[in-house]
Amino acid sequence: MKRHGILNSHITKVLTDLGHTDYIVIADAGLPIPENVTRIDLALKPGTPSFKEVLDAVADDMVIEKCIVASEIEAGNPQIEQYLTNKFAEIDMERVTHEDFKQLTKKAKAVIRTGEITPYANCILQSGVFF
């Protein structure tokens, strides 16, 4: 049994299989998930687990070179927007429209669905390399 880090075997597999520039999505409970993309549904009940809890765990195990968010997050969910801005202060933060964001999710290796029920609490993480 694993002692540290992410215990969910599906998330661990996705992270292990990522290549440079691959995408994974951390999503709120309402984001539509494309049919052809792996869905890892962690939502237990409204708010559990939270977007922040899941993102923190994934970010601890992943090399991230870019974070993509919907530009609507600034007005629609300023608390999550500030959290992301602080968390990813050292990497590129790209903002796209929510419609473009949903199109980009089609390129993701997986979408990890949280129990988050606040608007625009979604991000696409682009994999980097550790060397």
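Cβ from N, Cα, C; glycine included.
The model shown is predicted, which means the values in this text are computed figures rather than measured ones.
Annotation comment: TrEMBL describes HIS20 as active site, proton donor. Annotation comment: TrEMBL describes ASP28, HIS98, TYR120, ALA121, ASN122 as substrate binding site.
Here the features listed in TrEMBL are painted onto the structure.
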{"residue": "HIS20", "record": "active site, proton donor", "DSSP (3 states)": "coil"}
{"residue": "ASP28", "record": "substrate binding site", "DSSP (3 states)": "coil"}
{"residue": "HIS98", "record": "substrate binding site", "DSSP (3 states)": "helix"}
{"residue": "TYR120", "record": "substrate binding site", "DSSP (3 states)": "coil"}
Exercise. Near the substrate site, what residues other than ASP28, HIS98, TYR120, ALA121, ASN122 in the same chain have a C-beta no further than 8 Å from the centroid of the listed C-beta atoms?
Worked result: ALA27, GLY30, LEU31, VAL69, ALA70, ILE73, GLY76, ASN77, ILE80, PHE101, THR118, PRO119, CYS123
For this session: Take the C-alpha atoms of ALA121 (substrate binding site) and HIS20 (active site, proton donor) and report the distance between them in angstrom, rounded.
Result: 24
Seminar exercise, completed: Span of ASP28, HIS98, TYR120, ALA121, ASN122 as binders of substrate, largest Cα separation rounded to whole Å, comes out at 13
For this session: Give me the Cα-Cα distance between ASP28 (substrate binding site) and HIS20 (active site, proton donor), rounded to a whole Å.
Result: 25
Exercise. Using a 10 Å radius around each Cβ and counting other Cβ atoms from all shown chains, which of the recorded positions HIS20, HIS98 yields the largest count?
Worked result: HIS98
For this session: Can you grab the distance from HIS98 (substrate binding site) over to the residue listed as 'active site, proton donor'? Cα atoms, rounded to a whole Å.
Result: 24
Problem set entry | Cα separation, HIS20 (active site, proton donor) to ASN122 (substrate binding site) (Å, whole number) | 21
Exercise. Distance between the residue listed as 'active site, proton donor' and TYR120 (substrate binding site) at the Cα atoms, whole Å?
Worked result: 26
Seminar exercise, completed: Cβ contacts within 10 Å for ASP28 (substrate binding site), all chains included, total 21
Exercise. For TYR120 (substrate binding site), which residues in the same chain are close in space, meaning a Cβ under 8 Å from its Cβ, but six or more apart along the sequence?
Worked result: ASP28, VAL69, ALA70, GLU72, ILE73, GLY76, ASN77, ILE80, GLU81, HIS98
Exercise. If you draw a 10 Å sphere around the Cβ of ASN122 (substrate binding site), how many other Cβ atoms fall inside it, taking every protein chain shown into account?
Worked result: 26
